[in-house]
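According to TrEMBL:
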DOMAIN    7-224  domain 'HpcH/HpaI aldolase/citrate lyase'
BINDING   Arg68, Glu130  substrate binding site
BINDING   Glu130, Asp157  Mg(2+) binding site
Amino acid sequence: MRIKKYRSMLYVPGNNPAMVQQATIYGADSVLLDLEDAIAPDEKDAARDLLRHHIPLLDRENCVLTVRVNGLDTPLGEQDVRAMVPLQLDAIRVPKVESAVAMQQLDALITELEREHGITQPVEIHAMIETARGVMNAADIATSTPRISALTFGAQDLLADLGLRRTDRAGLTFPRGQILMAAKAARLHVLDTPFIDIEDEDGLRASAEEAKSLGFTGKAVINPRQIDIVNQVFSPSPEEVTHAIRVVGSFNAHKAAGSGVFALDGKMVDRPVVEQAITVLRLADIDPATL
Ligand SMILES: CC(=O)SCCNC(=O)CCNC(=O)[C@H](O)C(C)(C)COP(=O)(O)OP(=O)(O)OC[C@H]1O[C@@H](n2cnc3c(N)ncnc32)[C@H](O)[C@@H]1OP(=O)(O)O
Ligand SMILES: O=C([O-])CC(=O)C(=O)O
Ligand SMILES: [Mg+2]
């Protein structure tokens, strides 16, 4: 089975045929075809039709395909889900999720559609947490159905819902931490919000590095120019991989000799240090069992 990677997820407005056709060629791990906030209200039906026609033509070999549907509290949300599930997406991204019950209802609808259309590879749900209510219910949402594989942190909507300005970053500290912990406790991916200044490469790199150090799996991007930096930040460096290989190899040798703790280059190595090294190896597509 293909391992899904989510270092970079490229948002593509679902009503732009040229952008949709090119979406998978830029090297993003995932594309995120949007039917929600990038689409004006009178373009919603046309965007859904456009995706219905173009998705089957996309080259999906190295790219995870997700669609952001409209909110499930609007009639558009269900229409989008009904149109998109038969297209065999990898995941549906649901905006402004506020309750576990809403996710269970969506799970039931997707299950019905998969059965009706003979879809055998289950469509995952990525739940976007981007309102105060969603933040307070994040842990329940994360465990509401096994179909949820990721939580995402949506900064722009949260700023709006919390009555904050774009510069009020401090107000996002608690919500972001809560979403991260809810996702980690449920063993889900957790995906960061895009950096919206497409001209500021240093700012993008700093934002991605901060997200990585907090434990995010990856970051949404809004422009192809942002992909390389985000992929780079969320990939381990060759030095990190070499070190991780040494840690795991040395640990195995010490374990065989009956020791669970030792020093490597003057630093202690024990089980949790080895687990950190294994995380690095997995990100580099190296199977630790082969070392
Ligand atoms: C808060 C939220 O909800 S964020 C999610 C919703 N927002 C979005 O989806 C926005 C997606 N991004 C965009 O629409 C655009 O990148 C914008 C409006 C931000 C900037 O547009 P531009 O100034 O035209 O970007 P730029 O000049 O870098 O475009 C260069 C090329 O990349 C293409 N491109 C730009 N953005 C994208 C994209 N997101 N997906 C695919 N192709 C893209 C352009 O079509 C152009 O192609 P061309 O050279 O063949 O003509
Ligand atoms: O976080 C995202 O993916 C973008 C978004 O919807 C937001 O910031 O409100
Ligand atoms: Mg949003």
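Start at 1 and count along the chain as shown; that gives each residue its number.
For all residues, glycine too, the Cβ spot is worked out from N, Cα and C.
In sequence order, Pro95, Lys96, Thr152, Phe153, Gly154, Ala155, Gln156, Asp157, Leu158, Asp161 are the residues of the chain that are 6 or more apart from Glu130 (substrate binding site) and have a CB within less than 8 Å of its CB. There are 27 other CB atoms within 10 A of the CB of Arg68 (substrate binding site), with all protein chains counted. For ligand 2, the binding-site residues lying close by, meaning a CB under 6 A from one of its atoms, are Glu130, Asp157; the full candidate list was Arg68, Glu130, Asp157. Under DSSP, Arg68 (substrate binding site) is assigned to a strand (E or B) in the three-state scheme.
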